[in-house]
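All remarks here apply to the structure that follows.
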């Protein structure tokens with residue numbers, strides 16, 4: 001038995017439309033170990049949230065998984081029925097969404113939403129579930145939870161609401177948490193608190209986390225490894241240290257160049273020319289080739305693939321084999 | 001909140017005064033009450049005496065004030081037609097109309113809300129499209145046509161349900177109810193359905209529109225991500241968020257239903273206030289007409305005021321001030 005919690009193999013997500021089939025995810029492979037935080041980074045539309053939704057089985061029709069496999073601790077979950085997936089969601093996989101202000105149902109007390117989730121996934125009775133809810137609220141750092149458990153979501157601040165959302169994700173001690181932009185909607189000072197909390201909770205429990213964000217700063221602080229996505233494919237995968245300091249994909253390099261540095265040795269922020277292609281106009285070969293300064297003939301005809309760690313770039317791949 | 005309450009109540013009061021003025025004008029303008037009340041043999045002296053007794057020689061304003069004062073005490077005078085106290089006549093008919101309206105309201109909610117949820121959840125399905133189409137028919141079909149069709153089908157052809165009347169009634173205090181006897185309940189079915197048709201489609205379309213909005217919200221997606229079964233997400237989490245406008249609509253519509261009941265009551269010969277009013281119109285029985293006008297307006301105005309006030313109160317987000325929410329900044 002290995003410690004691999006999540007394994008996604010060659011995932012392909014398609015959206016049939018009137019004008020043809022759009023490929024939103026193309027051959028995405030990644031894995032997360034127990035207690036590990038994998039950052040997934042990329043621009044809007046790169047497919048990072050889509051990957052999270054596909055893992056949760058929450059793709060909006062007509063979107064569908066057209067190929068590949070998703071394994072959770074040795075069980076294949078992409079082929080499960082809707083019924084079985086309901087037990088996996090919230091039970092074995094917890095989710096945290098972007099906007100805590102809108103993630104909670106405004107008309108239900110926070111405690112009721114927690115108790116509901118706990119009772120859906122455990123055998124606890126009403127009283128026990130409530131006790132567990134209190135304990136969870138305390139763990140995520142809500143002061144005086146016994147006074148707050150019967151409050152409505154609007155009576156919490158944004159940061160406190162995201163703590164409640166994290167408590168909801170933890171209800172059934174999941175093996176994996178999919179956190180989609182968990183700090184984007186928060187103030188910077190609260191962002192740091194929330195990422196620290198997330199990190200601490202995973203370390204303590206050994207929960208694997210897939211942290212989806214467009215913020216390289218959050219990734220650098222929180223994640224162990226990082227996957228850089230571009231146009232529905234993984235462009236580069238590696239430890240945070242490697243990817244941040246020694247990016248091997250020209251896109252990652254551009255991404256890093258566009259982050260303002262505190263040390264001031266870069267006078268001007270670098271910008272990647274052009275913009276990410278739309279799903280219906282992904283170029284042949286490497287999706288990045290029209291914007292890449294180093295693109296060669298092979299880049300324009302053949303799609304570079306990575307297996308595990310590395311960069312999906314012909315320059316890097318050929319360099320490694322030579 | 002208190003200022004709002006006082007303002008609303010004052011508004012309601014002035015509306016009622018205006019309605020009373022209209023009712024009073026009907027009194028003054030349609031024929032001579034003395035002519036309607038006395039018989040052929042009455043002498044000129046008898047008439048003059050009656051005129052004096054009724055206070056019809058007083059000034060316009062004095063008469064209006066007297067009308068309003070009496071009306072406020074529930075005194076609308078004597079019906080020209082059956083020489084009975086108008087308020088007694090109306091209070092006999094009042095329970096019949098209210099029972100009809102309440103049952104119609106319940107039917108419209110019990111049928112309309114699930115249909116709204118279904119058409120929103122399964123939008124684009126054949127069933128949903130069919131229901132949408134049906135709702136257009138429901139909105140545009142006048143209720144007397146629906147009533148006549150129902151009578152034709154269930155009373156004339158199938159003979160299952162009575163076509164008119166209220167069946168046996170039982171008195172509970174001054175309230176005579178048809179809900180406690182089998183024949184009373186049977187008699188209620190067709191008129192209630194006929195009266196609720198329009199309401200059903202209204203509720204259904206409202207719930208559908210609200211649901212479509214709610215289903216797109218993050219908390220619905222998040223509830224799914226927590227593993228809440230789809231049905232529970234739809235019927236509990238989403239539907240509850242659609243109820244505010246439904247409550248408002250239902251509250252407002254009860255007044256409408258009481259007014260609309262007039263048509264249904266005529267079709268089904270339902271002994272309610274509406275039927276009483278129609279009969280009063282035929283016989284130019286002005287005190288009854290005036291009383292009906294005042295009563296229906298009173299119900300309308302009261303309901304609107306209540307809805308206005310509760311609106312600021314039902315939603316927990318509107319209940320407390322924002323100062324409390326700021327207390328837990330993290």
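Any Cβ shown, glycine's included, is placed from N, Cα and C.
Listed features, source TrEMBL:
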type	residues	note
TRANSMEM	B:12-30	transmembrane segment
DOMAIN	B:94-307	domain 'ABC transmembrane type-1'
TRANSMEM	B:100-121	transmembrane segment
TRANSMEM	B:133-161	transmembrane segment
TRANSMEM	B:188-207	transmembrane segment
TRANSMEM	B:242-262	transmembrane segment
Dominant neighbour of the transmembrane segment (B:188-207) in B:12-30, B:100-121, B:133-161, B:242-262, by Cβ pairs under 8 Å: B:100-121
Range from B:12-30, B:133-161, B:242-262 with the greatest count of C-beta pairs under 8 A to the transmembrane segment (B:100-121): B:242-262
Long-range environment of the transmembrane segment (B:242-262) - Cβ separation under 8 angstroms, sequence gap at least 6: 97-98, 100-101, 104-105, 108-109, 113, 116, 143, 195, 198-199, 202-203, 206-207, 210-211, 214, 270, 272-275, 277-278, 296, 299-300, 303-304, 306-307, 310-311, 314-315
